[in-house]
Amino acid sequence: MEKDRPIGVIDSGVGGLTVLKWLQKKMPHEQFIFIGDTARTPYGDRAREEIQRFVKEMTDCLARRKIKELVVACNTITVLGLDTIRNGYDFDVIGMAKGASNIREVTHNNKVGFFATDFTVSTGAHKREIERLDPGVEVFGLGCPKLVPLIESEKFGRPEMQEAIKEYVDAMKVHGIDTLLLSCTHYPFLHDEIAAAFGPQVTVLDPAEMTTDEAIKHLQNKGLLKTEGEGSLEVCFTADLARCKRLASRMLDLAHARFHLIDLES
């Protein structure tokens, strides 16, 4: 396999752009192709079989582009759809990190919280992974169903966004945590606002950085990581291209970006 092949990134919508930000930052010489399935988002309330079909459609699309690695920038797909694409392709598949490997270095009182979708909290997968990484911590998960629709509709700085953030931060504060994981890829759009609402006594972590480190490790192990040359970015959505471009501009270096509207079902 050649180093010059691109890296594929898939998501059920726009949240994965926050993962793409870290990928761009830590691998500036790579070519990235991102697919966000905005026509069929959200995935969380769909049947497992339907999610797996959507995931295979995105993966097949990127396989035709001869990618060297696939990063799944979506917690729902990581929990429900990863088994569909683990085999049958000639590239590694990297799912979202459910915890933070440095959690024991960050927390001082061994009380860790995470914000996620209701679905992600209900699976228990993130709680188990954090406890596996550090068995001595207490873990508190909270579903934040208002945040994704507010982010998707670009309500940044609006009273309804501020009220929702305060509601969830206040609900988590009662547990006395000193560390919070943003366990939905949409939530880093609000990293600064959430961190400000908690105050300096709580460290807010983005698992996307750990996911990126895992992607880099796999490429290094196979001798496929590019360390020179100019990077590039191709961003594809299945609906709402203009809105998605605005959201992308909040997260990404778009100097060398190309945007496309694609149809995965054709």
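Cβ coordinates come from backbone N, Cα and C, glycine included.
Among the features that TrEMBL reports, active site, proton donor/acceptor is placed at C74 (among others). In the three-state DSSP scheme, C74 (active site, proton donor/acceptor) falls into the coil class. Sequence-distant neighbours of C74 (active site, proton donor/acceptor) (same chain, six or more apart, CB under 8 Å from its CB) are I10, D11, S12, G13, G15, G16, Y43, M96, T185, listed in sequence order.
Residues or ranges marked as active site, proton donor/acceptor in TrEMBL: C184 (among others). The local packing around C184 (active site, proton donor/acceptor), expressed as other Cβ atoms within 10 Å of its Cβ over all shown chains, amounts to 27.
Feature annotation from TrEMBL assigns substrate binding site to D11, S12, Y43, G44, N75, T76, T185, H186. Annotation for T76 (substrate binding site): same-chain Cβ neighbours under 8 Å, separated by at least 6 residues, are S12, P42, Y43, G44, I51, T117, F119, T120.
With respect to their backbone Cα atoms, N75 (substrate binding site) and C184 (active site, proton donor/acceptor) stand 6 Å from each other.
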